[in-house]
Amino acid sequence: MIVLFKGDGIGPEIVDGAVTVLKRVEQKFGHRFRFEPALIGGASIDDCGKPLTEDTVAVCKQADAVLLGAVGGPKWDSIPVEDRPERGLLGIRSALGLFANLRPAYLYQELAAACPLREERVNGGIDLMMVRELTGGIYFGKRGTVTKENGKKSAFDRMEYSEEEIERIGVIAFRQAMTRRKKLVSVDKANVLDTSRLWRSVMHRLSERFPEVEYRDQLVDSAAMQLVSDPGQFDVIVTENMFGDILSDEASMAAGSIGMLPSASLGDGTRGLYEPIHGSAPDIAGRDAANPLATILSAAMMLRISFGMEEEARAVEAAVQSALTSGYRTKDIAAQGETVTGCRKMAEIVANAI
Ligand SMILES: NC(=O)c1ccc[n+]([C@@H]2O[C@H](COP(=O)([O-])OP(=O)(O)OC[C@H]3O[C@@H](n4cnc5c(N)ncnc54)[C@H](O)[C@@H]3O)[C@@H](O)[C@H]2O)c1
Ligand SMILES: CC(C)[C@H](C(=O)O)[C@@H](O)C(=O)O
Ligand SMILES: [Mg+2]
């Protein structure tokens, strides 16, 4: 069973696109997926006042996989942070124990013109895997706002990591590297933060267990710079929650658009949550202008990881490649003068190419 969280903004449009493709996979390969629609984020707030309910969490715990569009938008921006749509997303990641977030960034040759980096920076190709810790760090630490004696406020967000949390994400990253080009960069801020120094010492220990992996550490500010100056050098990057959030949006531009980057959030078993890395894009919502490919590629990751359907996953990825090779472009990936295809049509083109 697949829980479908359409969410907010462009969420319904891009999830519909992914479902169009999954229905084609059913037809072509003789499967039958059971889709279970559920509410999260602003859609859930509008329905019952909460961004995620216990009943919804219970349904997700019964599921094989969860496919999510995006949450959030201006309508809910003035709600206190604990009740905002984004809390629903953090809540489901945490409730399902999804500590490992895999965010592959790949530049399709056809999209080189859409990439804002100069050609010589990307012509060696870009194919990297960001492994982001997802249920710890500053996102989940103690936080608060206090009023001081002088009447002014002070706020804090605490960042904490245990060795166990670092080790389990590190193991995932080293294993990813072993299945790829065997290069791993761990990104931290060890020249300032204690959490980063602990992070680094655990990664060093792990690197002895994976001697075939060429390992190095890099400070986050320098990594941010290198991601735009020479993105092709990276194979696997492992980093903590907030650095990974920021660096993956940055890496998406090396791939041409944030509308191209899928993700898988995983825990100990095969159940996963699959979602594009981008948000609800309120500026283009409801206009059939969103790029559905990140969500479609997330569905491909779901087929591969949660359902063990390698052939089907490859068929979806090949269909995305074929749509791009045939010249179809949503607005975000269209170079000057290229014809623009809408969200629904793009999904149909991909589905028909399977
Ligand atoms: N996983 C999630 O659900 C998630 C992720 C990030 C942000 N958000 C939320 O989304 C809301 C909007 O955030 P934001 O504007 O900072 O980031 P965003 O990722 O929604 O949008 C940033 C820019 O990228 C464009 N964009 C994003 N996805 C696109 C797609 N598929 N096709 C074409 N263009 C696309 C948008 O139009 C916008 O110009 C906020 O409420 C934020 O909290 C949710
Ligand atoms: C919406 C927000 C909570 C989320 C995050 O920061 O993890 C988003 O930016 C993402 O990248 O999935
Ligand atoms: Mg983000």
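Any Cβ shown, glycine's included, is placed from N, Cα and C.
Remember, TrEMBL labels are computer predictions, not curated facts.
The following features are taken from TrEMBL:
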DOMAIN    1-350  domain 'Isopropylmalate dehydrogenase-like'
BINDING   73-86, 279-291  NAD(+) binding site
BINDING   Arg93, Arg103, Arg132, Asp221  substrate binding site
SITE      Tyr139  site 'Important for catalysis'
SITE      Lys189  site 'Important for catalysis'
BINDING   Asp221, Asp245, Asp249  Mg(2+) binding site
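In this structure, Ala281 (NAD(+) binding site) belongs to neither helix nor strand by DSSP; it is coil.
Following the DSSP three-state reduction, the secondary structure of Gly73 (NAD(+) binding site) is coil. Distance between Cα atoms for Arg103 (substrate binding site) and Asp245 (Mg(2+) binding site): 10 Å, as a whole number. Residue with the densest Cβ environment among the binding-site residues Val81, Ala281, Ala285, Ala289: Ala281, by other Cβ atoms within 10 Å.
In this structure, Arg103 (substrate binding site) is part of a beta strand by DSSP.
Put simply, of the recorded positions Arg132, Tyr139, Lys189, Ala289, the one whose Cα is nearest the Cα of Asp249 (Mg(2+) binding site) is Arg132.
Residues within less than 8 Å, Cβ to Cβ, of Asp221 (substrate binding site) and separated from it by at least 6 positions along the same chain comprise Lys189. Those residues noted as binding substrate (Arg93, Arg103, Arg132, Asp221) have their most widely separated CA atoms at a distance of 27 Å. If you take the Cα of Arg132 (substrate binding site) and the Cα of Asp245 (Mg(2+) binding site), they are about 7 angstrom apart, rounded to a whole number.
Filtering Asp77, Pro85, Asp245, Ala285 by Cβ distance to ligand 2 (under 6 A) retains the following binding-site residues: Asp245. Proximity of the recorded positions Val81, Pro85, Arg93, Tyr139, Lys189, Asp221 to ligand 3, judged by a Cβ distance under 6 angstroms to any of its atoms, singles out none of them.
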